[in-house]
Amino acid sequence: KSGHRHESXBSTBXASXSSKPCCBHCACTKSIPPQCRCSBLRLNSCHSECKGCICTFSIPAQCICTDTNNFCYEPCKSSHGPBNN
């Protein structure tokens with residue numbers, strides 16, 4: 001066990017491009033205001049705006065953001081490539 005922990009504090013600006021808030025799989029309720037939640041899995045950390053990030057203990061860790069917002073972030077797909085469904 002090494003003390004290797006990923007804190008999603010904004011300590012580095014290097015990862016800002018990859019960790020900018022975006023979401024490919026976002027679902028919203030039909031209520032007003034809507035309650036939207038992103039179900040994207042990210043490796044090792046959640047995006048920079050995420051307050052509730054849960055990660056698995058696998059390597060690499062798979063992380064999901066549990067935040068509920070009244071909007072969806074822009075899709076991330078442009079950074080991943082065309083065939084990502």
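Numbers here mean position along the shown chain, with the first residue as 1.
Using N, Cα and C of the backbone, Cβ positions are placed for all residues, glycine too.
Straight from Swiss-Prot, the features:
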type	residues	note
COMPBIAS	9-19	compositional bias 'Low complexity'
DISULFID	Cys22-Cys76	disulfide bond
DISULFID	Cys23-Cys38	disulfide bond
DISULFID	Cys26-Cys72	disulfide bond
DISULFID	Cys28-Cys36	disulfide bond
DISULFID	Cys46-Cys53	disulfide bond
DISULFID	Cys50-Cys65	disulfide bond
DISULFID	Cys55-Cys63	disulfide bond
REGION	1-21	region 'Disordered'
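Counting Cβ atoms from all protein chains shown, Cys72 (disulfide bond) has 17 others lying within 10 Å of its own Cβ. Under the three-state DSSP scheme, Cys50 (disulfide bond) falls in the coil class. The distance from the Cα of Cys26 (disulfide bond) to the Cα of Cys38 (disulfide bond) comes to 4 Å. In terms of C-alpha distance, the listed disulfide-bonded residues Cys50, Cys53, Cys63, Cys65, Cys76 place Cys65 closest to Cys38 (disulfide bond).
For Cys65 (disulfide bond), the spatially nearest entry among the disulfide-bonded residues Cys28, Cys46, Cys72, Cys76 is Cys46, judged by CA separation. Among the disulfide-bonded residues Cys23, Cys28, Cys36, Cys50, Cys53, the residue whose Cα lies closest in space to that of Cys76 (disulfide bond) is Cys23. When Cβ neighbours within 10 Å are tallied across all protein chains shown, the highest count among the disulfide-bonded residues Cys22, Cys26, Cys38, Cys53 belongs to Cys38. With a 10 A radius on its CB, Cys36 (disulfide bond) counts 17 other CB atoms from all the protein chains.
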